[in-house]
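Everything below concerns the one structure shown next.
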Amino acid sequence: MGKFIQWIKQPSISKPLIAAFLAVLILPVGVLAYFSYQSAWNALDRELISSAKGNVEELNSTLQNKLEDKVKAIDYYSETVDKDILLGKNKTLLKEKFKQYTTLNDDVGAIYAASEDKKLYKYPDSGVPKGFDPTGRDWYKQAVAEKGQAVFSEPYTDEATGDIVVTISKQLKDGSGVIALDLNLDEVLTASKRIKIGKEGFAFITTGNKKYIAHPTIKPGTTGSGDWTNQVYSKKEGSFEYTFEGKEKKMAFTTNKLTGWKIAGTYFVSELQDASSPVLNTAVIILCVSIVIGGILILYIIRAITKPLRKLVSTSAKISSGDLTEVIDIHSKNEFGQLGESFNEMSASLRSVIGVIQTSVENVASSSEELTASAAQTSKATEHITLAIEQFSDGNEAQSEKLETSSNHLSQMNEGISKVAQASSTITKSSIQSSEAAGSGEKLVEHTVGQMKTIDQSVQKAEAVVKGLETKSQDITSILNVINGIADQTNLLALNAAIEAARAGEYGRGFSVVAEEVRKLAVQSADSAKEIEGLIQEIVREISTSLSMFQSVNHEVKEGLQITDQTAESFKQIYEMTTQISGELQNLNATVEQLSAGSQEVSSAVEDISAVAKESSAGIQDIAASAEEQLASMEEISSSAETLANMAEELQDITKKFKIES
């Protein structure tokens with residue numbers, strides 16, 4: 001019992017299947033048994049009520065024929081017998097006719113005529129008590145009251161014979177008396193007793209006053225009682241159901257036209273149940289046999305359904321836990337066999353998808369590591385560029401300071417030339433000083449040329465580094481394109497996996513969640529790659545800007561070198577001219593003018609060089625700022641690459657729980 005209760009509580013598809021099959025088996029047989037039972041009941045009920053009505057009509061017809069025959073005789077005698085016959089000499093003839101009639105009709109106990117003068121003529125003559133007055137009898141009074149109509153007395157027991165008789169009387173045509181006969185009802189009573197309705201049903205007759213005339217168990221003359229009397233005496237004929245002594249019965253009845261008596265037939269309703277029970281018992285036996293045979297078939301069918309279902313459930317549980325190597329073995333070509341094959345195909349598809357995802361994840365992880373390494377190298381290169389730019393900026397500042405020094409020297413030279421013009425007496429001394437100053441200026445110019453060449457070399461190196469950075473940025477862009485492709489492929493594979501899982505229904509729901517997570521990781525990888533690509537594009541644009549600025553600085557430096565060369569040539573000329581002053585005093589004024597003009601040109605050139613140096617310093621500062629921004633971008637790229645690597649590791653951890661090889 002405990003195992004059965006445990007089986008009932010355990011959720012299983014077999015229980016609703018058993019209930020459904022039993023319902024399909026039991027309901028039709030049960031309904032058929034019920035309707036067969038009801039049909040047999042109704043048919044038997046109709047047969048019994050029809051039998052009751054037929055017997056009642058037959059009994060009434062027998063009574064009616066007998067009464068009509070006797071009424072005809074009474075009518076005949078009431079027409080032929082008159083006062084003259086009763087009082088005349090033909091009394092003997094009348095008695096002879098009475099004798100003849102009673103002889104021919106055994107059911108007539110006596111026939112007699114009574115006159116107004118209280119004389120009675122009867123056959124057979126059994127003697128009349130002295131002082132007997134026939135005119136005081138009910139049969140006489142009723143006949144006189146009805147005037148020409150035959151009347152029937154209440155049935156009574158004949159004292160002489162003990163038979164139940166009824167007196168039929170009618171007033172003579174001339175009104176001089178009444179003719180009457182005693183009708184023995186034994187034949188009617190016997191016919192009533194012979195009637196059987198069903199097994200225990202019977203017929204009975206009552207008078208208009210509810211007194212029994214004929215009944216198998218109740219004494220004649222007993223007044224009937226019960227609810228049935230109200231229905232019987234409220235209509236001329238019909239049928240109804242009633243309760244008698246606590247038992248259900250049915251009755252059919254009719255009313256005799258001549259007497260108003262009630263002829264009825266009744267039977268117990270329980271007879272219907274007794275007669276219908278074999279049909280019900282047969283139906284129950286058929287139902288039990290059907291349940292046994294159907295139960296065996298149902299168990300076989302349910303086992304054929306649940307056995308492959310259990311295999312499917314067990315395999316689905318293993319697949320949901322990550323074991324994709326499990327294979328369902330259902331040896332059947334029906335829908336379950338097809339479902340098993342489809343399940344195996346789904347498992348194979350999942351193994352293929354997981355394998356591709358694992359390979360893609362490994363590629364993403366490898367690419368992420370390469371991207372991280374490239375980002376680290378780029379960061380180092382950017383740091384070197386930043387240091388080189390800072391060194392270049394320091395050299396440029398030193399060059400600016402030296403240019404200011406040169407400008408100061410040129411100012412002093414201009415003052416010296418002015419003094420030469422003012423004081424010819426000190427020309428020699430001034431010439432010597434000018435020669436020294438020219439020599440010093442030449443050295444400064446040569447030094448400036450050296451610094452400008454150094455700046456030019458630094459700019460070229462910076463330009464080469466920036467170009468290399470641009471090339472590496474392009475390489476990073478290519479790597480990002482590869483990552484984007486891998487992310488798109490991973491996303492596509494995740495979508496395919498989700499589709500396959502959706503086809504699998506409930507069994508693929510767990511894998512659908514995994515596929516959705518894989519797809520989200522792929523989308524995040526693609527988004528991160530796009531962000532990195534955007535940062536790389538910004539770096540490329542900034543590198544291009546830096547490259548353009550380096551090219552501009554390189555061009556300006558080259559122009560500065562040309563101007564410096566010109567300045568060196570001018571100082572050389574000054575130096576040569578100052579050495580010739582002592583010998584060429586006559587050309588002093590012209591030389592002074594030339595020196596003044598040359599010094600002005602040199603001063604202008606130095607100012608130009610100073611302006612160029614300042615512009616170069618500003619450009620270098622911009623390049624330094626761009627390099628710092630690039631360094632920050634590379635750090636972001638490195639961080640994104642690390643995030644992508646972490647996501648790849650998470651995806652690897654997720655896919656590792658799936659077993660795709662035996």
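Counting starts with 1 at the first residue shown.
Glycine residues also receive a Cβ, built from the backbone N, Cα and C atoms like all the rest.
The domain 'Cache' annotation in Swiss-Prot covers 153-228. In this model, the domain 'Cache' (153-228) carries an average pLDDT of 90.
Residues annotated as domain 'HAMP' in Swiss-Prot: 303-355.
Taken from Swiss-Prot, the feature domain 'Methyl-accepting transducer' applies to 374-610.
Summarising the annotation, Swiss-Prot assigns glutamate methyl ester (Glu) to Glu370 (among others) and lists similarity to another entry as the type of evidence. Sequence-distant contacts of Glu370 (glutamate methyl ester (Glu)), defined by Cβ-Cβ distance under 8 angstroms and a gap of at least six in the same chain, are Ile479.
Taken from Swiss-Prot, the feature glutamate methyl ester (Gln) applies to Gln594, supported by similarity to another entry. Gln594 (glutamate methyl ester (Gln)) has a Cβ environment of 15 other Cβ atoms inside 10 Å.
Marked as glutamate methyl ester (Glu) by Swiss-Prot on the basis of similarity to another entry: Glu629 (among others). Secondary structure at Glu629 (glutamate methyl ester (Glu)), taken from DSSP and collapsed to helix, strand or coil, is helix.
Per Swiss-Prot, glutamate methyl ester (Glu) is recorded for Glu636 (among others). Secondary structure at Glu636 (glutamate methyl ester (Glu)), as computed by DSSP, is helix.
What Swiss-Prot lists as topological domain 'Cytoplasmic' is 1-16 (among others), and the listing cites sequence analysis.
Look at Swiss-Prot and you will find 38-281 tagged as topological domain 'Extracellular'.
For 303-662 (among others), the entry in Swiss-Prot reads topological domain 'Cytoplasmic', with the evidence type sequence analysis.
Taken from Swiss-Prot, the feature transmembrane segment covers 17-37 (among others), and the record attributes it to sequence analysis.
For 282-302 (among others), the entry in Swiss-Prot reads transmembrane segment.
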Cα separation, Glu636 (glutamate methyl ester (Glu)) to Glu629 (glutamate methyl ester (Glu)) (Å, whole number): 11
Secondary structure content of the domain 'HAMP' (303-355), with strand meaning DSSP E or B: 39 helix, 1 strand, 13 coil
Distant-in-sequence Cβ neighbours of Glu636 (glutamate methyl ester (Glu)), under 8 Å, six or more positions away: Ile532, Leu535
Protein Cβ atoms within 10 Å of Glu629 (glutamate methyl ester (Glu)), excluding its own: 14
Helix, strand and coil residues within the domain 'Cache' (153-228) as assigned by DSSP: 11 helix, 30 strand, 35 coil
